[in-house]
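Here is the structure we will look at.
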Amino acid sequence: MSELHYTGDCPIVVEGLSNAFGDHVIHEGLNLTVRRGEIIGVVGGSGTGKSVLMRSIIGLQAPVAGRIEVLGQTMHAGSYGGGEIDIRSRWGVLFQGGALFSTLTVAENVEVPLREFYPEISDELRHEIARFKVMLSGLPADAAAKYPSELSGGMRKRAGLARALALDPELLFLDEPTAGLDPIGAAAFDALTKELQDTLGLTVFLITHDLDTLHEICDRVAVIADKQVIAVGTIPELLALDHPWIQEYFNGPRGRAATEAQHRAKAIDKSNGQGA
Amino acid sequence: MTAHKMRDQADFTVQADDDGALTIALTGPLVVSSVGTLDPRLRQLEGPVRQIDLSGVREIDTTGAWTVWRLARDNAAQITGASEEAERLIAALRPLRGEGAIVPEELPLLTRVPAFVGNYMIALGRGTLGILEFMGGMLVAAWAITFGRSRLRVNAVVRQVELVGVTALPIVGLMSFLVGIVIAQQGAVQLQDLGFGEMTVNLVGRISLRELGILMTAIMVAGRSGSSFAAQIGTMKLTEEIDAMRTIGVSPMEALVIPRVLAAILVMPLLGFYSALLSIIGGAAISTLTLDIPFWTFITRVQEVVPTHDLWVGLIKGPVFGLIIALTGCYQGMQVKGNSEEVGHRTTVAVVQAIFAVIVLDAFFAVFFTEIGWG
């Protein structure tokens, strides 16, 4: 790898982060380190500040206290000028609702970051890039010319992903990517995320409530509770901890079902492997 | 964008075989920040490309892989020396097909203009029907409320009265005061030339109560509240709040439209009267300073020279203008669908239509009241 990419081990480092809205404290002394090339799942009850954590990391939310380092650059909310290469050209963000620009077509949405950062790219190449990114995100080619209001919720998420991937980022932030998708669509989205991580060597910061996603693609899971990240690790590691919320989360009826599904899938893989 | 200046640029060398087929050796980083300048040069190559050598490529991403893959596909060329990463990326792009246009098709100008005019006329007709339908719906809702079959939301009405009326007092007051000054001052200049300086009182008093008070207020309310009705209801449509209301059994007509329309009808005559008063006070103030008519004399003279029916003309027009402004605002808000641009567009239309309708009606009223002897 050369100087173009971040070569350290920890593309995201959060130290002593505190966030508050007025008197309402969201985070207090939160620490989190994300390793390069991993998919980290962030879980926590509703209102524990998962999205606020993401917004702090990407500089949309000014923290009360704490230090955030992304790809080796220290972040200051509202300013991105620190590094030699604009940090915003090195990450992609998928917001919960897709956050597509509603007056632009899907392809034009994908072209926005390209126009912004690389104006020297010719129209022809930019259109081609937009088209293949749209297809890479699992949308049919004819979706590229459509407006966001003409798409279903799942397609909007994929289009949002295409825009997030427009600049081949090193870091991908996904805020509940599978929420509101049907199980088939959600599984396909998981597979896509995994494939992109493998192919492009992405580091993925993934906020989710989807237990299947956690089991299926996350290398590690960070649990937010009591205004802090109380544990980070693989699911078996988390289960070994005796925290009541974690136990309830992964061992509740839904958690058990997801675990069983995972075991079944592994068993099938194994028997197939033996058969071959 | 200083990003790409710091980097080595991607480059290539071309080698021609005896039969004219080219071998291209790419070098440097082949990433989104470097292919921008490389791609046009690759497209200009003449002659068939037989082989693309990637052994000099240090780094590659999907955009770089696309550039290579497109070149290889178009020329049926062979890719050699690809790193494992490059192989993987190209393999990911290989199955992607689709050549369709990615921008919506644009019709030629000759077709587009007549189509625009035609669509505009159809929309105009539909719009007229639509607003009639909307007004009918509103009347049905008002009927149901009058006969107790559904509920009048008193709190909502009070809230809208506050928003449309009370919070408008400072700006309407200031504007009217200044307009009063301008009319008195400019009128006095003309009238004094003719030797009728004291007629300034008639001018200010009558024009304020009859016309300007209510007209200026209507324009201000259309700008302040008509726009806010359209934008708010429009946004509620986009976020499906209106749909949610319907499914819960709350009629948007009853919960959103009626309170706004009612508030505007109630508030407009009051605001118009207040505006007329302040513009008379403005006129009186400037007359004290420049015309040597003392303030209280001016006010007393107004009572003598302005007939009572001038007051009624203003008060009768108030509720009608209020109805038009609120109705247009709510109707345009309800027409929003699709995207955020539509909210802006509908808000503009609401204000423009409301002001236009108010002025047209005002002209009708002027003729009408003169005809019935209230001239």
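Glycine too: its Cβ is placed from the backbone N, Cα and C atoms.
Taken from TrEMBL, the feature domain 'STAS' covers B:19-65. For B:129-148, B:163-184, B:261-291, B:311-331, B:343-369, the entry in TrEMBL reads transmembrane segment.
Listed by sequence, the residues of this chain that lie at least six past the ends of the transmembrane segment (B:163-184) yet keep a Cβ under 8 A from its Cβ atoms are 200, 203-204, 207-208, 212-213, 216-217, 220-221, 224-225, 228, 260, 263-264, 266-267, 270-271, 274-287, 291. Assigned with DSSP, the residues of the domain 'STAS' (B:19-65) fall into helix, strand and coil as follows: 13 helix, 21 strand, 13 coil.
When Cβ-Cβ distances below 8 Å are used as the criterion, the transmembrane segment (B:129-148) is approached by residues 251, 253-254, 257-258, 261, 327-328, 330-331, 334-335 of the same chain, each at least six residues removed from its ends. Packing against the transmembrane segment (B:343-369) from elsewhere in the chain are residues 211, 215, 218-219, 222-223, 226-227, 229-231, 234-235, 238, 309, 313, 316-317, 320-321, 324-325, 328-329, 331-333, 335-336, 375: each is 6 or more residues past its ends and has a CB under 8 Å from a CB in it.
For the domain 'STAS' (B:19-65), the mean pLDDT of the prediction comes to 84.
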